[in-house]
Amino acid sequence: MPGDKQEAKNATQKTEEGVHITEALITKRNLTFPEDEDLSEKMFHTLDDLETVRLDGEGITCIGNLERLRNIHSLYLQSNKIQRIENLACITSLRFLSLAGNQIRHVENLLDLQYLQFLDLSENLIETLKLDELPQSLLILNLCGNPCTNQDGYRKMVIGALPLLLDLDKQPILERWTSDEEDKSSDEEEEFPELNGPFCAERGFFKDLEQELHQHQERRQQAALTEHLSRMETQPVLTDLPLLPAVPMAGDCSPAVTEEPGKEAAPKATSSTQMASSSKKQVPRNQKGSVQARKGALAATASKTSLAAAPSMTKSTNKRGTK
């Protein structure tokens with residue numbers, strides 16, 4: 001269909017010169033919204049609102065078609081096949097530009113970017129560096145991996161040409177790191193978070209982070225040791241618990257005896273063997289009653305017979321006494 005062909009043409013506009021930046025490509029990488037019929041008008045207003053555009057790793061060979069990106073402050077074009085720096089004058093608000101890993105041979109067409117603070121041109125093919133082509137507003141510049149960095153006096157010349165530069169090729173310019181500069185840089189980084197990228201972070205960030213983590217670990221170890229020592233010094237507290245009431249053993253019919261407060265408890269058996277022997281010697285109460293009844297009956301009978309046979313009993317008694 002004609003519409004599909006046109007869309008494919010806009011998405012990957014390939015000519016003999018290479019791959020160009022298109023609005024369709026920008027939309028594909030940086031915008032997401034539902035499909036509808038009136039897409040062109042919506043795209044127009046949305047592109048105007050973009051502040052960060054990522055087009056890295058798309059095989060782009062030429063920079064162009066950025067006129068609608070009026071408000072962007074960060075542009076990522078690394079890992080492409082770009083050979084020239086061009087067509088950037090239309091985005092004067094740009095603060096962050098990454099062109100690392102391309103095929104650029106010359107630094108040019110950057111003077112219109114008066115607010116540019118971060119420029120990454122590492123891993124390109126720049127042999128001769130034209131310092132007058134670099135914006136004076138630069139704070140961070142990375143040219144690592146270019147032949148021009150091997151030139152005698154290269155670092156001194158770049159620092160002298162850029163009075164605001166604070167970091168060159170991942171190395172801070174120590175003589176320019178004053179408190180005023182740090183306060184100014186922190187304010188700008190809060191406004192533009194892209195300035196907190198890997199090259200900014202290497203200005204002592206990881207060293208400070210490692211030191212802070214080490215101090216935190218030492219504090220935790222000290223706290224654990226203090227807690228351990230305090231626990232070792234603490235003596236256990238013994239409390240007097242009330243005695244539980246005695247539980248009768250199996251086969252014992254005697255009621256449980258509760259001790260009155262203030263009286264000492266009677267000594268108890270110290271072994272199960274003694275308890276067993278004592279239980280065997282005890283006579284039930286009902287058996288004692290029957291024995292006493294029989295003794296009473298015998299006593300009554302004896303009294304009656306004694307009246308009838310008194311002489312004989314006396315005689316027998318005398319005989320026992322003589323014996």
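Positions of Cβ are set from backbone N, Cα and C atoms, glycine also.
Mapped onto DSSP helix, strand and coil, the repeat 'LRR 2' (71-92) counts 0 helix, 3 strand, 19 coil. Per Swiss-Prot, the feature repeat 'LRR 2' maps to 71-92.
According to Swiss-Prot, the feature repeat 'LRR 3' maps to 93-114. Summarised by DSSP class, the composition of the repeat 'LRR 3' (93-114) is 0 helix, 3 strand, 19 coil.
Residues or ranges marked as domain 'LRRCT' in Swiss-Prot: 146-188.
Annotation source Swiss-Prot lists phosphothreonine at THR178.
The annotation coiled coil is assigned in Swiss-Prot to 203-228.
Here Swiss-Prot flags 269-290 as compositional bias 'Polar residues'.
Residues or ranges marked as compositional bias 'Low complexity' by Swiss-Prot: 297-310.
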Which residues of the same chain, at least 6 past either end of the repeat 'LRR 3' (93-114), have a Cβ under 8 Å from a Cβ in it? 56, 70-87, 120-130, 133-135, 137, 142, 192, 194-195, 197
